[in-house]
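Before we start, here is the structure in question, set down as C-alpha cells.
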Amino acid sequence: MERRIIHIDMDAFYAQVEQRDNPDLKGKPVIVGGKSRNRGVVATASYEARKFGVHSAMPTARAHQLCPDGYYVSPRFDVYKDVSSQIMSIFKGYTDIVQPVSLDEAYLDITHLVRKDLGASQIAAFIKRDIMTATNLTCSAGVSYNKFLAKIASGMNKPNGLTVIHYENVEQILAELPIGEFPGVGKVTEEKMLRLKIMNGKDLRDKSELELIELFGKKGSSLYQKARGIGSDIINMDRVRKSIGKESTFSHDVQDEAFILQTMRTHSEKVALKLQDLNKVSDTITVKIKTSDFESHTKQTKIIDFTDQADTIYNTAVLLYTDLKEEFNNIRLVGVSVGNLKNKVYENLTIYDFL
Ligand code: DCP
Ligand code: MG
C-alpha cells in the first residue's frame, strides 16, 4: 500500500530561535556558531545572512569576510533542545509513527489519518500551525509517498514552505534536481558526480545500476533507485510507550492516610505532566500498593473520557485506593499509573475540528 509521509524541518533553526528571543535580530543577518575568528565554525545562518553566501560548516573567519556587518551569536543548545521536545511532542499528538532525524527534523507516517475529507497536505498544514502556536517559529513541510521524496519536498519552498510531491510529478522534479540536493549525496559524492558530468537527476538516471555500483560502491544501487523515485517508506520509530506510572516505596510501614493520599496526589500530578508532555491521553487508571509482607495488589478502572488532567487521575486513584485498603493496614509502596494511551489529536479528527 502506498504510504503518506511528511518530513518537517525547522527553517534556519538556531538562527530563527535567536531572532525570536531577541527582537533586535529580526530581519538581520544572524550567524550562529563559534565566535572565535581562528577556530570558529558556523552552525547556521539566518536567511538574511545566506544572501551573503554564509552557510553551515563555514569557518567563522570566512563568514566575517562575506558578511562583516552580520550579528554573530553563540549557540544556546538548551533552548534548541526545549524547542525540539515541543515539536516532537506535537508530532506525537498526531501519530506514534515518528522518526526524529535531528533536533529540528523528523519523518512522520500519517497514512492512517488520511481520509476523503482530510488530505495529507491538510494534516501537514495543521502541524505547521501547531508548531507556530507553540513555539512562534516557522518550519517547512514536505509530503510524499516515501522518506527521501518527502525530504526533497520540504526543501523545495523553504522557508515556511508546504510542498507535496505527487506520483505524476516525481520524474520531472527528480530530472531537474541538482545532484547535490539528492538526500544521501554529500559533499564528496557531489564533487565526484560533477567530475563525471552527472549534474542532476536526469544525468543520474542515464547511468546503469552496474555503472553506479562500480563508481560509488554499495551506495550505487540506492542512487539508481532514487533516480527513479524509489526509496524507503519505513519509519524507524522510538519504542511506543504503553503506560506511564509513578510509585514510591517507603522505608517503613505507613498507616497515615493523609500521607498516602498526598503521595498519590504527587504521583497523579507527575503522571499528568508526562501525559501532557507526550501529547497523550488515557482512560485507564491503576493503583498499586504493596503491603508489609511485600505482596502486590492492584486495582484498575476505566473512566468515561480520556484525560491528561491530574485531578481526574487523582480522584479516580483515591476511589481505587479506598477499595483496596479495606483489606490492608500497613502499606509499603503506593503507585499510580495510566494505560491505554492514545494520541491527543484524535485519530478520528475531521477537518471541521480545526475550523
Ligand atoms: N547545524 C550545525 N552544523 C551543521 C549543520 C547544522 O550545527 N553543519 C545545526 C544548526 C541548524 C540545525 O543544526 O540550525 C538544523 O540544521 P539544518 O540542516 O536543518 O539547517 P537549518 O535548520 O539551520 O536551515 P534550513 O532552513 O536550511 O533547514
Ligand atoms: Mg532545518
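Cβ coordinates come from backbone N, Cα and C, glycine included.
Feature table excerpt (TrEMBL):
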{"type": "ACT_SITE", "residues": "Glu105", "note": "active site"}
{"type": "BINDING", "residues": "Asp9, Asp104", "note": "Mg(2+) binding site"}
{"type": "DOMAIN", "residues": "5-186", "note": "domain 'UmuC'"}
{"type": "SITE", "residues": "Tyr14", "note": "site 'Substrate discrimination'"}
How many other Cβ atoms sit within 10 Å of the Cβ of Asp9 (Mg(2+) binding site)?
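Excluding its own Cβ, Asp9 (Mg(2+) binding site) sees 20 Cβ atoms within 10 Å.
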Can you tell which of Asp104, Glu105 has the least company, meaning the fewest other C-beta atoms within 10 angstroms of its C-beta, among these recorded positions?
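Among the recorded positions Asp104, Glu105, the lowest count of other Cβ atoms within 10 Å belongs to Glu105.
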From the Cα of Glu105 (active site) across to the Cα of Asp9 (Mg(2+) binding site), what is the distance in angstrom?
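Cα-Cα distance, Asp9 (Mg(2+) binding site) to Glu105 (active site): 4 Å.
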Tell me, by DSSP, whether Tyr14 (site 'Substrate discrimination') is helix, strand or coil?
helix
Using a Cβ-Cβ cut-off under 8 angstroms and a sequence gap of six or more, which residues of the chain neighbour Tyr14 (site 'Substrate discrimination')?
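Correct list: Val32, Ala43, Thr44, Pro75, Tyr80.
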Measuring Cβ to any atom of ligand 2 with a strict under-6 Å cutoff, which of the recorded positions Asp9, Tyr14, Asp104 qualify?
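What lies within reach of ligand 2, judged by Cβ under 6 Å, is Asp9, Asp104.
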